[in-house]
Amino acid sequence: MQRLLTPVKRILQLTRAVQETSLTPARLLPVAHQRFSTASAVPLAKTDTWPKDVGILALEVYFPAQYVDQTDLEKYNNVEAGKYTVGLGQTRMGFCSVQEDINSLCLTVVQRLMERIQLPWDSVGRLEVGTETIIDKSKAVKTVLMELFQDSGNTDIEGIDTTNACYGGTASLFNAANWMESSSWDGRYAMVVCGDIAVYPSGNARPTGGAGAVAMLIGPKAPLALERGLRGTHMENVYDFYKPNLASEYPIVDGKLSIQCYLRALDRCYTSYRKKIQNQWKQAGSDRPFTLDDLQYMIFHTPFCKMVQKSLARLMFNDFLSASSDTQTSLYKGLEAFGGLKLEDTYTNKDLDKALLKASQDMFDKKTKASLYLSTHNGNMYTSSLYGCLASLLSHHSAQELAGSRIGAFSYGSGLAASFFSFRVSQDAAPGSPLDKLVSSTSDLPKRLASRKCVSPEEFTEIMNQREQFYHKVNFSPPGDTNSLFPGTWYLERVDEQHRRKYARRPV
């Protein structure tokens, strides 16, 4: 009967549900975790106006409880010191044992978010999962997550899995916002879940792995609002990174090509975004160019941290080429010699790279460096990487520092699909405001990362070998001690003879 209620009655129900303590989930996180933001009730969906400020109300990040130190890995792999820590910009890499898979990661992050904000399970009307970690060619991760909603009786939840390399989470976010701004919206929240396990065979690519998941609650009047009409997208057919071997977790990667594809997509998405925002400004009576100065912060999909620094420098080069000769000389000192170049001719120009990195260093430190905290200490989370960067940015700034700012975001998925978009941060940073609660909810990120167990390269390699051994195996229970997992973590308990997976949760 729930789905047959009028929108007004439905909203009144949700309002009461959030307010009544009797509807608080029975299994809550420890008291220390209950200080995080509780989203307000969703306003009524109207047919004559857009819901205002649709965006991120709350988010949760999950990463595995163990990591391998990249300095130790350099020694173990007999490579020069600094190859991973300096060349890639990585210090630690989180990873999953056989006990965790993409379903368990997503189960964990969704339940952690719902319990922390104490949201009734029937207040979610859309849930979509972005992932490229495929363990079943038919059954979606979303269907497994429906187990969490069973006790509430809420089966009326739209959305399913979205897959294209590291882009699925962003596609899911856009779909959630589009749903909320459409006639299909029933007044409830949307949830976006993105997660992946990034693993590679032994060799040069293995240190660029990682694992994790992010869940985001989407709704109107959000402290991080998606800016409407401001998405620059580029898509094309290319084989830079792909996974055609369904018997293996490992991808086929053309590293040099993938970097060029990433930068080319960045150029084109940024160009499209600039045109759209400049058109909006022109319609509002302001005819001026958009530059990086109009972004207070900038986050990127992060395959490895050095790639991000190079990408911000690339955006500066776009601004440089678009500027007048006088502006080039006055604002972009050290780049004058590159003024006659075309973007498409510069992807392998090392002299330009060095000049750009030097010229953009201060901008990188101010706009982007803080967003790389999780990536530096956990590695590449594929489709959740960009949103891990968002959480890192929030964890390293106060609500007052963020208030009123614009956060640029670049999402890239090999194959390829890419978008450049932006969030507008709420002006209200008062204690107890939605922005203050959202920022506070990320404040324990450094502490949580520090609480993980450091595993030797030898043990890490053995666990990677186990993942190969048990991949698509049937009739087994994963090896390992569940006490090594964080409290409240879901894990794979058993795979039966028909490939059916059973999960359990470590007590909170």
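Quick reminder: no glycine exception, Cβ is built from N, Cα and C everywhere.
Secondary structure at Glu132 (active site, proton donor/acceptor), as computed by DSSP, is coil. The local packing around Glu132 (active site, proton donor/acceptor), expressed as other Cβ atoms within 10 Å of its Cβ over all shown chains, amounts to 28. Taken from Swiss-Prot, the feature active site, proton donor/acceptor applies to Glu132 (among others), supported by a curator's inference.
The Cβ of Cys166 (active site, acyl-thioester intermediate) has 32 neighbouring Cβ atoms from other residues within 10 Å, across all protein chains displayed. According to DSSP, Cys166 (active site, acyl-thioester intermediate) sits within a strand segment. Among the features that Swiss-Prot reports, active site, acyl-thioester intermediate is placed at Cys166.
Residues or ranges marked as active site, proton donor/acceptor by Swiss-Prot on the basis of a curator's inference: His301 (among others). Cβ neighbour count for His301 (active site, proton donor/acceptor): 33 (other Cβ atoms within 10 Å of its Cβ, all protein chains included).
His301 (active site, proton donor/acceptor) carries neither a helix nor a strand DSSP state and counts as coil. What Swiss-Prot lists as (3S)-3-hydroxy-3-methylglutaryl-CoA binding site is Glu80, Ala81, Cys166, Asn204, Thr208, Ser258, His301, Lys310, Asn380, Ser414.
Residues or ranges marked as N6-succinyllysine in Swiss-Prot (evidence: similarity to another entry): Lys52 (among others). For Lys52 (N6-succinyllysine), the number of other Cβ atoms no farther than 10 Å from its own Cβ, over all displayed protein chains, is 11. Secondary structure at Lys52 (N6-succinyllysine), taken from DSSP and collapsed to helix, strand or coil, is coil.
Annotated N6-acetyllysine per Swiss-Prot: Lys83 (among others), in sequence order, evidence recorded as similarity to another entry. Listed in sequence order, the residues of the same chain lying 6 or more apart from Lys83 (N6-acetyllysine) and placing their CB within less than 8 Å of its CB are Glu74.
Lys83 (N6-acetyllysine) falls within neither a helix nor a strand when secondary structure is assigned with DSSP, and so counts as coil. Per Swiss-Prot, N6-succinyllysine is recorded for Lys83 (among others).
Swiss-Prot lists Lys221 (among others) with the feature N6-succinyllysine.
If you look up Swiss-Prot, you'll see Lys243 (among others) marked as N6-acetyllysine, on the strength of similarity to another entry. DSSP assigns Lys243 (N6-acetyllysine) to coil in the three-state reduction, placing it in neither a helix nor a strand. Just so you know, the Cβ of Lys243 (N6-acetyllysine) picks up 16 other Cβ atoms within 10 Å once every protein chain is counted.
The N6-acetyllysine annotation in Swiss-Prot covers Lys256 (among others). According to DSSP, Lys256 (N6-acetyllysine) is assigned to a helical segment.
When Cβ atoms from all protein chains are considered, those within 10 Å of Lys256 (N6-acetyllysine) total 11, not counting its own. The annotation N6-succinyllysine is assigned in Swiss-Prot to Lys256 (among others).
Secondary structure at Lys306 (N6-acetyllysine), as computed by DSSP, is helix. For Lys306 (N6-acetyllysine), other Cβ atoms within 10 Å of its Cβ number 16. Taken from Swiss-Prot, the feature N6-acetyllysine applies to Lys306 (among others).
Cβ contacts within 10 Å of Lys310 (N6-acetyllysine), excluding its own Cβ and spanning all protein chains shown: 19. The N6-acetyllysine annotation in Swiss-Prot covers Lys310 (among others) and is backed by similarity to another entry.
What Swiss-Prot records for Lys310 (among others) is N6-succinyllysine, and it gives similarity to another entry as the kind of evidence.
Here Swiss-Prot flags Lys333 (among others) as N6-succinyllysine, drawing on similarity to another entry. The Cβ neighbour count for Lys333 (N6-succinyllysine), using a 10 Å radius over every protein chain in view, is 10.
Secondary structure from DSSP puts Lys342 (N6-acetyllysine) in coil. Neighbour count (other Cβ atoms within 10 Å of the Cβ, all protein chains): 7 for Lys342 (N6-acetyllysine). As annotated by Swiss-Prot, N6-acetyllysine applies to Lys342 (among others), with the evidence given as similarity to another entry.
The Cβ of Asn380 ((3S)-3-hydroxy-3-methylglutaryl-CoA binding site) has 28 neighbouring Cβ atoms from other residues within 10 Å, across all protein chains displayed. His301 (active site, proton donor/acceptor) has none of the recorded positions Glu132, Lys310, Lys350, Ser433, Ser440 nearby, counting only those with a Cα within 10 angstroms of its own Cα. Cβ neighbours within 10 Å of Ser477 (phosphoserine), excluding its own Cβ and spanning all shown chains: 12. Across the residues annotated as binding (3S)-3-hydroxy-3-methylglutaryl-CoA (Glu80, Ala81, Cys166, Asn204, Thr208, Ser258, His301, Lys310, Asn380, Ser414), the two Cα atoms farthest apart lie 29 Å from each other. Rounded to a whole value, the Cα-Cα separation of Lys437 (N6-acetyllysine) and Lys221 (N6-succinyllysine) is 14 Å.
In terms of C-alpha distance, the listed recorded positions Glu80, Glu132, Lys350, Asn380 place Lys350 closest to Lys358 (N6-acetyllysine).
Here the C-alpha separation of Lys243 (N6-acetyllysine) and Thr208 ((3S)-3-hydroxy-3-methylglutaryl-CoA binding site) works out to 16 Å. The most densely surrounded of the modified residues Lys221, Lys350, Lys473, judged by C-beta neighbours within 10 angstroms, is Lys221.
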